[in-house]
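Pulled from Swiss-Prot, these are the features on record:
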type    : residues        : note
BINDING : 61, 66, 72, 300 : [4Fe-4S] cluster 1 binding site
DOMAIN  : 73-289          : domain 'Radical SAM core'
BINDING : 87, 91, 94      : [4Fe-4S] cluster 2 binding site
């Protein structure tokens, strides 16, 4: 059940996670030293925040409570979250607010494009909340944002991180036709966790979505990510890798799950840096072009640098195949 938030009266007190309010508080584990990050205080961070606020934009960096916000914003990197800040899903791991979203902001595509140009981004990541309330799941809005960025900053490469467009016929095809450079859709966790961690989604639908992207455009880079520390077994992670390689996914990210509040799914374990390195080694052996695996890895962390490495890895693979 999703409790409807008051989107009419802006002064009304908003409960960020109404669907989780009835849950008992979970234990919060002390973070190990390898998880700790510095508080964001730099000039670059302040400048990025000012640009975001000026254009009335939402970032997943803020809404999801990303631990890398200080580092990324200092470098003028930000992941823009389109279609509002209220999601129609209620995933147990996510800090984004749940409820009934507002109407789409028709000026948002141009505002995002202006911010991208002002920040001088060579690579931009665009994500969104789930919009199950929209007939196309927000596909047309994604398309408009991509077009606006192309018009304002033709040299900027575009990476999108999309919802699953569950039960939205034609939505995926429309987004792929807009020609983003990277199509990312996160699996989030292993299939055995879906009922408790990602109840509104379907594991094999997400695998099929990524596979379908390659069928529609074999040249488009595809990417997916998972969190570990949610009680998964190692063999489940390895099977997920196999499922993604069957779908011809190019890039895999693996990061540590961090619990936003006591009402969210608890951290079952803190995976060690050595274990992350092991996952990276195995993933490369399975054929991924790029793997980012570390405690603080997130989907869009170092996205620009990773895109350059991803493109180079494909070129190297093609050259080796031609020899």
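If you go along the chain as it appears here, the first residue is 1 and each next one adds 1.
Positions of Cβ are set from backbone N, Cα and C atoms, glycine also.
Because the structure is a prediction, the values reported are computed rather than measured.
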In terms of DSSP three-state secondary structure, what is the assignment for residue 94 ([4Fe-4S] cluster 2 binding site)?
coil
Sparsest-packed of the listed binding-site residues (91, 94) - C-beta count within 10 angstroms:
91
Cβ within 8 angstroms of the Cβ centroid of 87, 91, 94: which residues besides those meet this for the [4Fe-4S] cluster 2 site?
89, 90, 93, 95, 96, 98, 129, 130
Could you round the CA separation between residue 94 ([4Fe-4S] cluster 2 binding site) and residue 300 ([4Fe-4S] cluster 1 binding site) to a whole angstrom and send it over?
16
To the nearest whole angstrom, what is the C-alpha distance linking residue 87 ([4Fe-4S] cluster 2 binding site) and residue 300 ([4Fe-4S] cluster 1 binding site)?
19
Restricting attention to the domain 'Radical SAM core' (73-289), give the mean pLDDT.
95
